[in-house]
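Database features, via Swiss-Prot:
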- 1-184: topological domain 'Cytoplasmic' (TOPO_DOM)
- 2-20: region 'Interaction with KCNIP1, KCNIP2, and other family members' (REGION)
- H105, C111, C132, C133: Zn(2+) binding site (BINDING)
- 207-226: topological domain 'Extracellular' (TOPO_DOM)
- 250-256: topological domain 'Cytoplasmic' (TOPO_DOM)
- 282-287: topological domain 'Extracellular' (TOPO_DOM)
- 308-321: topological domain 'Cytoplasmic' (TOPO_DOM)
- 346-357: topological domain 'Extracellular' (TOPO_DOM)
- T370, L371, G372, Y373: K(+) binding site (BINDING)
- 404-630: topological domain 'Cytoplasmic' (TOPO_DOM)
Amino acid sequence: MAAGVAAWLPFARAAAIGWMPVASGPMPAPPRQERKRTQDALIVLNVSGTRFQTWQDTLERYPDTLLGSSERDFFYHPETQQYFFDRDPDIFRHILNFYRTGKLHYPRHECISAYDEELAFFGLIPEIIGDCCYEEYKDRRRENAERLQDDADTDTAGESALPTMTARQRVWRAFENPHTSTMALVFYYVTGFFIAVSVIANVVETVPCGSSPGHIKELPCGERYAVAFFCLDTACVMIFTVEYLLRLAAAPSRYRFVRSVMSIIDVVAILPYYIGLVMTDNEDVSGAFVTLRVFRVFRIFKFSRHSQGLRILGYTLKSCASELGFLLFSLTMAIIIFATVMFYAEKGSSASKFTSIPAAFWYTIVTMTTLGYGDMVPKTIAGKIFGSICSLSGVLVIALPVPVIVSNFSRIYHQNQRADKRRAQKKARLARIRAAKSGSANAYMQSKRNGLLSNQLQSSEDEQAFVSKSGSSFETQHHHLLHCLEKTTNHEFVDEQVFEESCMEVATVNRPSSHSPSLSSQQGVTSTCCSRRHKKTFRIPNANVSGSHQGSIQELSTIQIRCVERTPLSNSRSSLNAKMEECVKLNCEQPYVTTAIISIPTPPVTTPEGDDRPESPEYSGGNIVRVSAL
């Protein structure tokens, strides 16, 4: 058997390399394996109108993503044979490059929030960003998160107290945001004043104030005027105690509040006083009492609630915890090494003060921090050489983490400055809007009171002359909005003076009250850019009763609306959607001004029973609302 195989093997090898055919006939052609067209198909990706082309194999390298899985078929359009994505095409370029090269980069000019949204949509995680861009991406993302947190805190601080807030929530909100109420602001400044008084008293009581009768030695002020300082300390501690108890009672989580750093500072600031009350003045506990009095100096840390700079410093130290830990570890190693070397280098000198390695720690610390008090100096040549090396190494070790700490402090400081600037700009912008709308509304009401607006709108020439006298296009558009609201609703804008007079007349005389001249009540004006609706009753938003009842007033701003029944003009839908040429010209001459067309189903003139709508001869004093200036 083995001999037969050995004889056949050379022929098989020869046939394998093509020297000798094994079969007498020609070998059949191998079956041609047709490659699927879908494997090398060219895919067109339409991203907001921008076309991108790539191979299907390129996308299928990452099947866990949106483009690499079958989920992309949900975005396929058979008509155009494209995959359409309504996303940002600029960021998509970098995402498509990731499929091509396997490296994801972060574009520095793009918004970090938009970039994260695009990555999340296409199923990519930020951790795959290349090393060349990852650090900058993390920094930008951290800054954006801090900025969003500051904005959220600002919005929370600026919100007014909700009616559903409990007393506990109101007290905590007053402590955290003192500018929310007058009482909270007063308590904020009172506590700050007593903190300053307590710190100053703790310093002044150690100053010599002369000798008292019967004593030759000068006594400190704290002993000579013990009663006065005790009363002052008692008043400060009482304020601090009340503040701490109120914070503890109003805290959302008392357990977290007790464990917080500021809570520990508050306890340490007031605890020595209460311990001193129960301790006697014997000599056994005098040393412990003096030690407790030292802790009163920690009251100065309470200023961190009143100083933004101290809070920034605390945030900086917290963010640089790893760098500070590295600095402490490096200094500890260097101190131990150089203290040991200095001890053995000075061991042979009889006048040496390096009596032990722990005693050499003091010299090493002073030398590495470049202080050099001179109380301990090396005597030998070897000691002086190692002392010089110790001084140089201290400069290097301390200087390494300093730039990181400074950069973090600068970043946090400028971030707080930008947040303060944004808050100030937001307040100023809202104030300008309120002032502009309030001034425009007052001017509108003044024109109505004087009868100028209705007279000048009778003709096109007078209207254009009136518009030319307007202060700004904003005021013109605001007047036009108020005019359209009068024409499309059964409301009339009146000022507070007319509103009060009308209410008094309704209360005393049961007859229709006269109202101020209104554009909607003038004769001869039958068509405007907005036609008027005719309603029987209405409901005030956020009101508990219907607008037809008396006494329901929704206060929003200083402009009043009086509900009166008028003869309806044209209530057809065609008049509401009429073109600009079919209407009276607007009270503005700019060609780019658009018109707000109100297309709301108009109620029928008759009731479902077929009766005519009853006309009310008088208006209700409660059908008055106030229109917000914002």
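Backbone N, Cα and C atoms are what each Cβ position is placed from, and that goes for glycine too.
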Give the residue counts of the topological domain 'Cytoplasmic' (308-321) per reduced DSSP state, in the order helix, strand, coil. 13 helix, 0 strand, 1 coil
What same-chain residues, at least 6 away in sequence, bring their CB to under 8 Å of the CB of H105 (Zn(2+) binding site)? H94, N97, F98, I129, G130, C132, C133
Could you name the residues, excluding T370, L371, G372, Y373, of the same chain that surround the K(+) site, i.e. Cβ within 8 Å of the Cβ centre of those residues, in sequence order? V366, T367, T369, G374
In DSSP terms, the topological domain 'Extracellular' (207-226) comprises 5 helix, 2 strand, 13 coil
Under DSSP, is H105 (Zn(2+) binding site) helix, strand or coil? coil
Residues that sit under 8 angstroms from Y373 (K(+) binding site) by C-beta distance, when 6+ apart in the chain: V366
Can you tell me the three-state DSSP label for C111 (Zn(2+) binding site)? coil
Summarise the model's confidence over the topological domain 'Cytoplasmic' (1-184) as a mean pLDDT value. 78
Take the Cβ of C132 (Zn(2+) binding site) and count every other Cβ within 10 Å, whichever protein chain it belongs to. 10
